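Chemist: Just passing along the structure, written as structure tokens.
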Amino acid sequence: MSEPDVDLEFGYSLSFPLPFRVFALTSLGILAWATNLHGLDNFGVDAVSALDLRIGDHYSPSQRYWPDSPRKTDVTVLYKNVYRIFVTYTVWCLMSWTMFRSLSQGDPALVDVFGYIPAVFALVTVLILLLPFNVLFKSERDKFLHAIRRCISSPPGSPIYFADVVFADVFTSLAKVLGDVFISLRMLLPGNSLLEPPADHGWTRWIMPTIMSIPYLVRFRQCVIEWLSADNTSRRPLANAVKYATAFPVMYLSAAQRLVVSDLINEKGKQAADEAWHGEHPLFRLWLLFAAINSLYSFWWDVTNDWGLELLKPGSKASGRPLPPRRLVLPHLHSGTALLGSHRPVEEVEERATYPFGLRPTLLYPLPVYPLLVFLNLVLRLTWSIKLSSHLHSKSEGSVAIFLIEVAEIFRRWMWVFVRVEWEVIKKARESRNTGRTSLSDTDEPDFEMITTPTMEHNIHP
């Protein structure tokens, strides 16, 4: 093969092999979480209380959420620490990539010679994550590992915390990254190359979808535990479990598409391998069916249940009809902070008497944000099944497009977190109002008048 042909086929993998793409996507995920926490704090949404994040033990529940209070400082420290992790990890990855590029010099013959560089850097990263010494963000590392253990191995009778739900949902958006880790490990084995993914034969074709299905299996398990809980009286967890279950056929039928290609090659010749559409084969049509079901069901669930919008809700009254205004008090939880606060200890928000079609009475963000997020979520959900379909990115020439799809999915999840946490805050406030718990929890302090801030009036009132 001539050098121009090599550059044309493997140019992207020469400069940015798959292991470094995994590093980059992981770094982007850390940055997304840091900006989620930062953005929620700027909007006055107390993600620490909503997610029940543990920061420190020095804060007293009787303290209020003033801008210069220790609690406010702790929230700031939380996302600043995540920013520091992002910067440290990104610099570490750039060092490995720079070393690899300077030694390989874009020469295909040297790429695999120095393929040990990303392997060594990845191994050191894992060892640092597991390091028992109080260095390099030990508190954050311990919380991360504890969250993984709690999601995977929590007893069936244990409660499912909202933080674990968000954590596991974030990892469903990184399912393809987990699959890329497996492919990267195989690329580094003797006889394989960083320039192209190794071929799958026999039972090995099922390993990739199995690894990618782990985050969905975790969320499926959480939903089943919620459904079987003695306190549960709703079918919502079961319907949510069905949503995650629809992802499994997409992944495994995608792996089965190699059987489709083999059958068509036997019937039509080798030219069938270059065709993207195999509509005449039943397995291909079945994969398309489940891909459509998964994408559309997930989009409906995002809008209706995760975000609480009324756009796709059956029998919705969200048509601008007047509703009796009700006072929505955003209360303190056990952490002692308001779930929503801008410059006051506790905020009161009035639900809209009228509100735009498809939204909801209480909106904590600027109005134009919601239709934009719904549209972007629809577009990116329709690419979701591409990301879960390993047969669509088994060739090196498609790696750029697949990498961009993975970046887009992280961006979609980043948007999703803002509205998901917002809706959780509103639901908890409504539950507290309905049960009459509008005062500070675990305190004997008297009630006081609730007020709205100018920022909230701008966002809430039409």
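Backbone N, Cα and C define each Cβ position, glycine as well.
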Chemist: In TrEMBL, which of 12-34, 150-172, 173-195 is tagged transmembrane segment?
Modeler: 12-34
Chemist: Looking at the candidate ranges 81-100, 401-420, report the one that TrEMBL labels transmembrane segment.
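Modeler: Result: 81-100 is the stretch TrEMBL calls transmembrane segment.
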Chemist: Counting only residues 6+ away from its ends, which parts of the chain sit with a Cβ under 8 Å from the transmembrane segment (12-34)?
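Modeler: Residues 79, 82-83, 85-86, 89-90, 93, 96-97, 100-101, 104, 106, 108, 111, 115, 118-119, 121-122, 170, 174, 177, 180-181, 183-184, 187-188, 194-197, 396, 399-400, 403, 406-407, 410-411, 413-414, 417.
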Chemist: Based on Cβ pairs under 8 Å, which of the stretches 81-100, 283-301, 363-384 lies most in contact with the transmembrane segment (115-137)?
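Modeler: The stretch with the most close Cβ contacts to the transmembrane segment (115-137) is 81-100.
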Chemist: I'd like to know the mean pLDDT over the domain 'EXS' (199-452).
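Modeler: Mean pLDDT across the domain 'EXS' (199-452) comes out at 75.
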